[in-house]
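S.K.: Relevant sequence annotations retrieved from TrEMBL are reproduced here:
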type	residues	note
BINDING	HIS7, HIS9, GLU98, ASP208	divalent metal cation 1 binding site
BINDING	HIS134, HIS158	divalent metal cation 2 binding site
Amino acid sequence: MSWFDSHCHPELDVIEEELAYAKERDVAGLIAVGTTPEKSRGVMSYLKQMRRIAPEFVCYGSVGVHPHDAAASGMAGVRALEQLINEDDDDLVVGVGECGLDYYYEHSPRSNQIEIFKAQIDLALRYDKTLVIHTRDAWNDTFEVLSSVELPRRVIFHCFVGTEKEAKVANDLGIYMSFSGIVTFKNSDELRAAAKVARRDLVLVETDAPYLTPVPLRGKPNLFGNVSLTGTFLAELLDLDVAAFKDLTWRNTRKAFAI
């Protein structure tokens, strides 16, 4: 098996260069993620082009409204996501999100964030899509929301940055934890401790490209091919054979998105 980037925001205009870079690093799958209805539509265009250029590459997408855009998009944005799902004749959309709560920046009022988060949980449930969650400085409210509604069958904490405490709750709830380049950063001791207690069957790897470039490339724009760096780092952290971990996370990602 190869590496599978469970969460990235790739650009259409550099698709061939990024694809060549990824192939050199044994990356053969990605989930492209939207953060607004407009960007989610762009994800669809990207995936169609990717499949034309490299039909052997495993690529799917997730459509969502990021908590930063909850107030601006509103419920009209969620309805636009539903329209995208209904228009998806190529079975490209496997997830809803990224959606959730971000209390670090609070670009949208918390009440709007919670409303739009719940609406997207319902959307994922109704269409049997994987729920892709963004949570930052909002663990208590995130778990409160999740406990107050019926959840879809598959849920992921994208760019997981919790402690051992949150990892253990995710273990109990059967929620996937996707680790980004942050786990390679010098000051991420708590996150590395969380990775060690995460259930192996719930571990995914991602880039969140073009953000969060892993060490030793930190400071440069991230590429989905760099998931190989984070994956290798995690394998060594967990004292696992790299090839076996590559196979594990490939299978976990396909299971997480039912692909």
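Counting begins at 1 with the first residue displayed.
Just so you know, glycine gets a Cβ as well, placed from its N, Cα and C.
Note that this is a predicted model, so its numbers are computed, not measured.
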S.K.: What subset of the binding-site residues HIS7, HIS9, ASP208 lies within 10 angstroms of HIS134 (divalent metal cation 2 binding site) at the C-alpha level?
M.R.: none
S.K.: Between the Cα atoms of HIS7 (divalent metal cation 1 binding site) and HIS158 (divalent metal cation 2 binding site), find the distance and write it as a whole number of Å.
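M.R.: That comes out at 7 Å between the alpha carbons.
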S.K.: Give me the sequence-ordered set of same-chain residues, not including HIS7, HIS9, GLU98, ASP208, with a C-beta within 8 angstroms of the centroid of the divalent metal cation 1 site's C-beta atoms.
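M.R.: Here the nearby residues are CYS8, VAL33, THR35, VAL132, HIS134, HIS158, CYS159, GLU206, THR207, ALA209, TYR211.
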S.K.: Looking at Cβ-Cβ distances, which residues of the chain lie under 8 angstroms from HIS158 (divalent metal cation 2 binding site) while being 6 or more apart from it?
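M.R.: Residues satisfying the criterion: SER6, HIS7, VAL33, GLY97, GLU98, VAL132, ILE133, HIS134, SER178, GLU206, ASP208.
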S.K.: According to DSSP, folded down to helix, strand and coil, what is GLU98 (divalent metal cation 1 binding site)?
M.R.: strand
S.K.: Have a look at the binding-site residues (HIS7, HIS9, HIS134) and report the one with the fewest Cβ neighbours inside 10 Å.
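M.R.: With the binding-site residues HIS7, HIS9, HIS134, fewest surrounding Cβ atoms within 10 Å: HIS9.
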